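The structure appears right after this line, and notes come after that.
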Amino acid sequence: METILSIGMGSLRLIWDVAVIVIPIMLVLEILKDLKWLDIAAGWLAPALGKIHLSRAAALPLLVGLVFGIAYGAGVIIAAAREGELSRKDLHLLSIFLVLNHAIIEDTLLFARIGASGWLLLTARTVMAIIVTWMVGKWLLKEEQSWENSSM
């Protein structure tokens, strides 16, 4: 009985630790979204996206995925794709980037809470996502050019 009680108390402490981090973040992010500050930030991010072969239209979905996580990011990506704003290349590259690096605030704080180096985790995930996305983007560009040359 003592073991079950100990496990239960440990689980409740863990739930509390996660809630203390996640709930305030989600509240702030919802406010930022309502104030359209995420749209403004996406505009600032857009010029850098060309370096990793993403179009300006990919800025908001990428930012939402980075900040809110895969679920919200996927929703924005799907909506943008249905509206015809994103190319197939953008869809592939956004997916790759966000698989490697998503929910950067929440994940970093949660892992730091259990002892990981937040800066190391954030830096490693971001650098890896940039490198892999750039490499795949370069390969897709090469394939696209090869396909165009063969169809002429």
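Yeah, the Cβs are placed from backbone N, Cα and C, and that goes for glycine too.
TrEMBL annotations: computationally assigned, not manually curated.
Sequence annotations record features per position, and here TrEMBL assigns transmembrane segment to 12-32 (among others).
Note on the domain 'Nucleoside transporter/FeoB GTPase Gate' (16-106): its mean pLDDT in the predicted model is 87. Per TrEMBL, domain 'Nucleoside transporter/FeoB GTPase Gate' is recorded for 16-106.
Residues or ranges marked as transmembrane segment by TrEMBL: 58-81 (among others). Long-range Cβ contacts of the transmembrane segment (58-81) within its own chain (Cβ-Cβ under 8 Å, at least 6 residues beyond either end) map to 29, 38-39, 41-43, 45-46, 49, 90-91, 93-95, 97-99, 101-106.
Residues annotated as transmembrane segment in TrEMBL: 93-112 (among others).
Beyond the transmembrane segment (118-141), the same-chain residues lying 6 or more positions past its ends with a Cβ under 8 Å from any Cβ of the stretch are 51-54, 89, 92-93, 96-98, 100-101, 104, 107-109, 111-112. According to TrEMBL, the transmembrane segment annotation covers 118-141 (among others).
Counting same-chain residues at least six beyond the ends of the transmembrane segment (12-32), those with a Cβ under 8 angstroms from any Cβ of the stretch are 38, 67-68, 105-106, 109-110, 113.
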